[in-house]
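Annotation comment: TrEMBL describes 21-41, 82-101, 113-132, 138-159, 171-193, 199-222, 285-310, 322-340, 352-372, 387-407, 428-448, 454-475 as transmembrane segment. Residues or ranges marked as domain 'Major facilitator superfamily (MFS) profile' by TrEMBL: 28-479.
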């Protein structure tokens, strides 16, 4: 296949380097994508554990008493700041560690960062399983967060730098597929451990050691990315790694030359990567790279994912059926994620963003309408079973739209749009902002549910409308473009082209002509 339709890293036409999907690139990418297991497992296990009576009686007996009170507002059963701190503390730790990880990655590589992240997550899971007080729970959660921040910063970028350009969307979205597999594994685990009186929650939290062990073991057997190896001066190892993942028939020398050119430019601009992210030259990357994770948090799906058992308890399901509802929701998420992975590089990023955003918005408006009409009315603390089932169906439809669009694309697009000289810094900033917002959102969601009641879903629906308009107007289509040739995508965009064309002369330096070999 000719590559004449692409613009190269240097500004000419991009080469199609040849080669296909090799066994090596599949194995390497699956190992890196499996870092999503720890994010998914933690997200899935937390919501289930926080409504288990054995867990609440051990650490939060006042919440358990409130649940059983006939006078308790149906929306306020779980309104306890220490309980939400158990869920959200992981994300504030992840915010800090992702910023540190970007600097460490430049020195030791992305593979080493994934190894460190898996080790910290493994340690945190052991502490949580052995917890005897809230302090131990929070310490364990913080270690889980440090591990999460390291892997979130490195794994999506690892995938985007390793995958062939034509299938980069599918390979990078594999990270989200593993997130969903982790969530499904956790909800199934909770379904069975909830039946164990007294200590079932310890099994749920302790089994987080399994994905942690998988990450540690897997990281020992994968090479670093060619871009990261070149950045650290290991050109021979970079060429060997590139040949292994691209296959014997690939034009490795040409691709390596483009990587070296991009890295050489990165070295010339190495100092102050975080500062330069805010210059005019990178304004388009920063706006989209931060806009997507910020809007992602306001889809409302992070709280639905983590607190779905709590939501199902709120509308009237018992504990076991609430967890079963979460299992069904997780299976829906997995099906839509696999569908998205198979069509993403054909339909493109923008159509999936728009279709998924509209679908989620309509579902959340419908959920709000049902809860407004049938929950907490006539002194009832639950809604009629048929309407509670309707809420479950709508949440599954909302999750399907999410898994088709924002869930995988949230990892794909920010990891592929930054130039190599600011890629680690840009990814770290995107991740840290997202995790910080997750911390705030999880900390206040139960209080918001208590205060706004059904209106909380209208709040998220309003954001979904805003973000769908943003994507339609400001997100360029990036499918199939080599990661070193992404500049040409911005140059063709109706709005961002002014920053790409003028930015090189507005940040205090004139960039050399990149179009020559």
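Every residue gets a Cβ built from N, Cα and C, even glycine.
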Other parts of the chain folded back onto the transmembrane segment (113-132), taken as Cβ under 8 Å at six or more residues beyond its ends: 32, 35, 38, 97, 101, 104-105, 139-151, 153-155, 158, 202-203, 205-209, 211-216, 218-220
Interface present between the transmembrane segment (199-222) and the transmembrane segment (428-448) (three or more C-beta pairs under 8 A): no
The transmembrane segment (387-407) in contact with the transmembrane segment (138-159), cutoff 8 A, at least 3 CB pairs, sep 6+: no
Top Cβ-contact partner of the transmembrane segment (285-310) among 82-101, 199-222, 322-340 (pairs under 8 Å): 322-340
Tertiary contacts of the transmembrane segment (454-475) (same chain, 6+ residues out, Cβ under 8 Å): 287-288, 291-292, 295, 298-300, 349-350, 353-354, 357-358, 360-361, 364-365, 367-369, 371-372, 375, 413, 445, 448, 493, 495-496
Intrachain neighbours beyond the transmembrane segment (322-340), with Cβ under 8 angstroms and 6 or more residues off its ends: 44, 47-48, 51, 173, 176-177, 180-181, 183-184, 187-188, 190-191, 194, 304-305, 308-310, 312-313, 352, 392, 395-396, 399-405, 407-409
Contact set, same chain, for the transmembrane segment (82-101): CB under 8 Å, 6 or more residues outside the stretch: 42, 46-47, 50, 59-60, 63, 113, 117, 134, 137-138, 141-150, 152-154, 306-307, 428-429, 431-432, 435-436, 438-447
